[in-house]
Amino acid sequence: MKSKHTEYYKHNKKICFRENIPERYLFAFLAIYFLIVLYVLKNTPYKSIIIFYIITCLLLFKVSFICLPKFIQFLNEKGLCGLDLNKISKDKVAEPIGLFPSILYFIFVLFYQLLYYNDHKILLEYNAGLLSIIFMTFLGFIDDILELKWRYKVILPFFGINGLEIGQSLIISFFISIHNLIEIILNIGRESGDSELILKQHFLSIIFTLPFISINLATFSFNFYPSRGFVGNTLTYFCGIFLAVVSIFGHYSKTLILFLIPQFLNFFLSLPQLFNFIPCPRHRLPTINTKTNKLSYSYNFTLINLILYLCGPLSEYHLVILLLSFQFVTCSMGLFLRYFIDTT
């Protein structure tokens with residue numbers, strides 16, 4: 001599978017919308033992940049459904065890769081851009097590109113509610129979850145346009161993803177799907193009524209998670225350093241409410257907390273600024289050294305600044321890798337605690 005990129009000219013300046021991570025690598029990773037899901041579900045009543053569902057999710061991934069460069073170009077042409085504040089050049093970057101994957105996800109999940117047309121109880125939960133995701137994503141879009149104050153954002157989305165955005169959201173969603181698959185394996189073949197209910201709950205969670213991973217894996221390729229487009233608060237809110245909804249579907253809200261250690265840490269670090277005990281700017285970013293092109297901590301209370309304080313100045317690329325690695329390690333620890341530590 002060959003990756004293509006889009007270029008256009010504006011005021012004699014060439015702008016490239018090439019993905020930062022090659023499509024073929026992400027597609028191979030996604031295909032392996034889906035094969036694992038299919039293998040786990042092969043002995044369940046959902047085998048025939050999941051095969052068709054996986055095929056359409058792979059198509060979603062491809063559609064996202066084709067359409068995102070065009071959407072980024074559209075945002076640039078309309079002047080919907082933000083400044084890349086962590087760069088010396090302060091280039092303008094399209095924002096919010098998170099609107100496209102969010103809308104694509106809504107359309108896909110809305111269509112697949114037909115799977116539950118004869119189960120009114122699950123259909124009610126399905127639509128309630130979808131409406132919650134739509135409402136909170138709309139709030140994120142309003143925030144991108146109107147720039148809501150921090151005190152309003154604390155009340156409405158609770159804690160969301162706290163600006164750590166799409167890379168960490170993908171890692172959390174992968175661990176969520178692993179948890180779902182483990183629970184399905186543990187309950188396959190059991191004859192109790194509870195086991196059948198557990199299978200339904202975790203399958204519903206998977207139904208919402210697979211397209212999320214497919215679409216946002218493609219988006220991550222364009223948002224990864226150096227970003228071709230900012231996802232904005234639109235996708236940040238979308239990811240936050242998505243995680244809440246799927247955990248409610250699968251009845252594993254406590255398990256989700258184990259995957260959100262960096263987010264809780266960032267939230268509690270931010271409390272003095274969120275409640276205005278300390279001045280809270282719109283963008284609580286680190287400072288950039290124009291000579292070394294490295295980021296240093298600023299006096300804003302965030303996880304990013306804490307890591308820079310502990311580790312010293314880092315390039316933006318290495319800071320992103322460090323944050324994602326920290327998320328992966330904490331999620332791995334959370335999964336270990338969930339299944340290998342006896343809490344009874």
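Placement of Cβ uses the backbone N, Cα and C atoms for every residue, glycine included.
The transmembrane segment feature in TrEMBL is assigned to 21-41 (among others).
The transmembrane segment annotation in TrEMBL covers 47-68 (among others). Using a Cβ-Cβ cut-off under 8 Å and counting only residues 6 or more beyond its ends in the same chain, the transmembrane segment (47-68) has close neighbours at 3, 17, 19, 23, 26-27, 30-31, 34, 37-38, 41, 97, 100-101, 104, 108, 112, 115, 206-207, 210-211, 213-215, 217-219, 221-222, 229.
Taken from TrEMBL, the feature transmembrane segment applies to 97-117 (among others). If you look at the transmembrane segment (97-117), the same-chain residues 6 or more away from its ends with a CB under 8 A from one of its CBs are 49, 53, 56, 60, 63-64, 67-68, 71-72, 75, 123, 126-127, 130, 133-134, 137, 140-141, 166, 207-208, 211-212, 215-216, 218-219, 222-223, 228-236, 238.
Under the heading transmembrane segment, TrEMBL lists 123-142 (among others). Counting only same-chain residues 6+ beyond the ends of the transmembrane segment (123-142), those with a CB under 8 A from a CB of the stretch are 96, 98-99, 102, 105-106, 109-110, 113, 116-117, 148, 156-157, 204, 208, 232-238, 240-242, 244-246, 248-249.
Look at TrEMBL and you will find 154-178 (among others) tagged as transmembrane segment.
Look at TrEMBL and you will find 198-218 (among others) tagged as transmembrane segment.
Per TrEMBL, transmembrane segment is recorded for 230-250 (among others). Proximity of distant same-chain residues to the transmembrane segment (230-250), defined by a Cβ-Cβ separation under 8 Å and at least 6 residues beyond the stretch ends, is recorded for 82, 93-99, 101-102, 105, 125, 129, 132-133, 135-137, 139-141, 143-144, 157-161, 163, 165-166, 169, 172-173, 176, 179-180, 183, 201-202, 204-205, 208-209, 212, 216, 219, 223, 256, 260.
Among the features that TrEMBL reports, transmembrane segment is placed at 256-277 (among others).
Residues or ranges marked as transmembrane segment by TrEMBL: 297-315 (among others). Within its own chain, the transmembrane segment (297-315) has Cβ neighbours under 8 Å at 162-164, 262, 265-266, 269-273, 278, 280-281, 284-287, 289, 322-323, 326, counting only residues six or more beyond its boundaries.
Residues annotated as transmembrane segment in TrEMBL: 321-341 (among others).
Counting residues 6+ beyond its ends, the transmembrane segment (198-218) has Cβ neighbours under 8 Å at 19, 23, 26, 29-30, 33-34, 37, 41, 44, 46, 50, 53-54, 57-58, 60-61, 64-65, 68, 101, 104-105, 108-109, 112, 115, 122, 125-126, 129, 166, 169-170, 173-174, 176-177, 180-181, 183-184, 187-188, 235, 239, 242, 245-247, 249-251 in the same chain.
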